[in-house]
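**Q** What Swiss-Prot records for this protein is below:
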ACT_SITE  CYS87  active site, nucleophile
ACT_SITE  HIS174  active site
ACT_SITE  GLU176  active site
BINDING   SER228, GLY229, GLY230, VAL231, ASP232, SER233, SER234  ATP binding site
DOMAIN    10-200  domain 'Glutamine amidotransferase type-1'
DOMAIN    201-390  domain 'GMPS ATP-PPase'
Amino acid sequence: MIILKKQHDTIIVLDFGSQYNQLIARRIREFGVYSELHPHTITAEEIKAMNPKGIIFSGGPNSVYGEGALHCDEKIFDLGLPIFGICYGMQLMTQQFGGTVERANHREYGKAVLKVENESKLYANLPEEQVVWMSHGDLVTGLPEGFVVDATSESCPIAGMSNEAKNLYGVQFHPEVRHSEHGNDLIKNFVFGVCGCSEGWNMENFIEVELEKIRETVGDKKVLCALSGGVDSSVVAVLIHKAIGDQLTCIFVDHGLLRKGEAEGVMKTFSEGFHMNVIKVDAKERFMNKLKGVEDPEQKRKIIGNEFIYVFDDEASKLEGMDFLAQGTLYTDIVESGTATAQTIKSHHNVGGLPEDMQFKLIEPLNTLFKDEVRVLGSELGIPDEIVWRQPFPGPGLGIRVLGEITEEKLEIVRESDAILREEITKAGLDREIWQYFTALPGMRSVGVMGDERTYDYTVGIRAVTSIDGMTADWARIPWDVLEKISVRIVNEVKHVNRIVYDVTSKPPATIEWE
């Protein structure tokens, strides 16, 4: 994690394993206050040395009374800093100060109506009733001495508590998740009202620190960048090029799993436009041979991840003095792959599947940023809007949008249908409103009628979501007439397709990608 100059107020977030923990730091950064995420094992002395204005305990999947329960250094409570416990964090605080935590009769997951009973600083200027996001299996059933109930819900009699004399606060819900109506306001109240923070952190600070960090890390050595043309790798390439210039060599691997026209566009933009040293590797046949007969999504991800590294290894052996490999790993990549305390959802192409004998040191300058921050960073670096606002695209490419075994025919269906979707979304003026949209091929066939003849062809799925950072997402309400145009065009213009379906599932419970 980047350590910024000490004139910037900082809030420390302790990680107890919640899949939402990075969101807490992200929300605080949105307010112009720097926030760092640290493991729950950090010591009180280490925190004291950082001179933070306050501490937040994240949620987590464990029970405070269960085997393997996660705890923190008890001396943290003696630092005199404001502490805000969220979900598991509140339960841990309760246990620490002698309260009672018990298993709930049933797990509560989803939206709930919160009723504010005591207007502590945390609830200042907030409505008495508000919708919040619950995700817990345990409850605080007995308050610690000196604490009062701040809020309740139908299934949670102690949904919020505080000891304002000691600046200790806890909530059973997740204010960092956007489903909580006034979650941002509540976190703001803690950051500014309780901790007394001032704004002072922005992307200019990040660029200044990261450029210095890259130069210090790399020195006079050389860096290979895995350039795909997507937002993440593009920003990484430009940022590193700004830091070290010609010490950077970009390798663009055409693995045959790219979107329509993407390979040509990448070379034109970066080789000609940004005057970078870009080596194009045609590895279509190599990847397809490795993926032949493979259906399991995790295995596909691992194969694609491994093959990328092997390709870079091959190319690096042709070059002299290549020591570092740059990747566009984001915060969301790391959280979805699981941390030391989080439960793994799925391996990610930027953090999973790397061979143990990899010959490069990794450099990941974006691994503290969320997608929306990367776009801001890209704009600050002077990258054109058409790149900064390009659709998010996973490292495995269309390989995880073809469910099951990958074939050239299936890739062509996804490639052509996706191009139509992107074209129509742009025509409708929705390309900036919808966070991510793409087509996927679930591998199922269905009966249809075309030209008075029976068909038995593929179904194409359309996925479109609205989001801020990719941690949570809602399905996009695309107008029916736009969906109709997309459907008609795909069925008529893409061979072997006779049916279109639209995915109306949010994240959670689903992930954005289908594999």
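In case you wondered, yes, glycine gets a Cβ from its N, Cα and C as well.
Could you tell me the structural context for the features on the list?
**A** Following the DSSP three-state reduction, the secondary structure of CYS87 (active site, nucleophile) is coil. Same-chain residues at least 6 positions away in sequence with a Cβ under 8 Å from that of CYS87 (active site, nucleophile) are, in sequence order, SER18, SER58, GLY59, GLY60, SER135, HIS136, VAL171, GLN172, PHE173, HIS174.
There are 24 other CB atoms within 10 A of the CB of HIS174 (active site), with all protein chains counted. Secondary structure at HIS174 (active site), taken from DSSP and collapsed to helix, strand or coil, is coil.
Counted within 10 Å of its Cβ, the other Cβ atoms near GLU176 (active site) come to 28, all protein chains included.
Sequence-distant contacts of VAL231 (ATP binding site), defined as residues of its own chain at least six apart whose C-beta falls under 8 angstroms from its C-beta, comprise GLY328, LYS371, VAL374, ARG375, GLY378, ILE387, VAL388, TRP389, ARG390, PRO392.
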**Q** So if I measure Cβ to Cβ from ASP232 (ATP binding site) and keep only same-chain residues at least 6 apart in sequence, which ones fall under 8 Å?
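**A** When sequence neighbours closer than 6 are ignored, ASP232 (ATP binding site) has GLY328, THR329, LEU330, LEU366, LYS371, VAL374, PRO392 within Cβ distance under 8 Å.
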**Q** Which number gives the other C-beta atoms within 10 angstroms of the C-beta of SER228 (ATP binding site), all protein chains shown included?
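**A** The Cβ of SER228 (ATP binding site) has 26 Cβ neighbours within 10 Å.
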**Q** Cα-Cα separation of GLY229 (ATP binding site) and GLU176 (active site), in Å?
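**A** About 31 Å separates the two Cα atoms.
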